[in-house]
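**Q** Under the heading active site, proton donor/acceptor, Swiss-Prot lists Asp102, Lys201. According to Swiss-Prot, the active site, schiff-base intermediate with acetaldehyde annotation covers Lys167, on the basis of sequence analysis.
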Amino acid sequence: MTDLKASSLRALKLMDLTTLNDDDTNEKVIALCHQAKTPVGNTAAICIYPRFIPIARKTLKEQGTPDIRIATVTNFPHGNDDIDIALAETRAAIAYGADEVDVVFPYRALIAGNEQVGFDLVKACKDACAAANVLLKVIIETGELKEEALIRKASEISIKAGADFIKTSTGKVPVNATPESARIMMEVIRDMGVSKTVGFKPAGGVRTAEDAQKFLAIADELFGANWADSRHYRFGASSLLASLLKALGHGDGKSASSY
């Protein structure tokens, strides 16, 4: 197996196959569930808006893949600093049956100098998730934070407040996951000594098998080849799947989605 094939198979099994579009429908989510079951294995999860969780749960069960996890988003995509709203959305997502919640960190508040609201918001959502045995990923929106110091600070605050994963991006801003921001975030995980309990998720902009290989190489360099399993690493993507399947000898590499 070539290096690209090997990394593509790894990446496929680490994907949070995503649709977060304004025109999402039950039919599109059902199709996403079907795509998550591939000839070479299943994706780790799908990521969808909360209202689609029940139909996704039903579809995954019916197609014989009940262990594909269902992730959703809250405080999305703007990362506002209203803790009550973020918490209410997170509780609603849990009530819908989410296995994982990806909450947006109040990154604009951090840029303006307010570190406390980010901690408090993540902690409130973590408490709700922990009580329901739901995984919490925190989206820090690296493409808007821009500066290394802010990316580092948002990562640190999120981890201190209980994040199970730190995630680069919503996919809704001009700059999403980059190898540079990925390295900064994973270095925080390393420097804080939390690599056993905290994972990393690049999202948006990871579109090709070669992209995925680059992002995995950074994880392997920092933590060794065995760290990036589905409890410690995810790719938030949709168009990536077709490229991975093509690298693995399935399909033509074309995708219907741009995330």
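Glycine is treated like the rest: Cβ placed from N, Cα and C.
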**Q** Please report the Cα separation of Lys201 (active site, proton donor/acceptor) and Lys167 (active site, schiff-base intermediate with acetaldehyde) in Å, rounded to an integer.
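**A** Spelling it out, the Cα of Lys201 (active site, proton donor/acceptor) and the Cα of Lys167 (active site, schiff-base intermediate with acetaldehyde) are 4 Å apart.
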**Q** Measuring Cα to Cα, how many Å separate Asp102 (active site, proton donor/acceptor) from the residue listed as 'active site, schiff-base intermediate with acetaldehyde'?
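**A** Cα-Cα distance, Asp102 (active site, proton donor/acceptor) to the residue listed as 'active site, schiff-base intermediate with acetaldehyde': 8 Å.
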**Q** Please report the number of other Cβ atoms within 10 Å of the Cβ of Lys201 (active site, proton donor/acceptor).
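**A** A count of 28.
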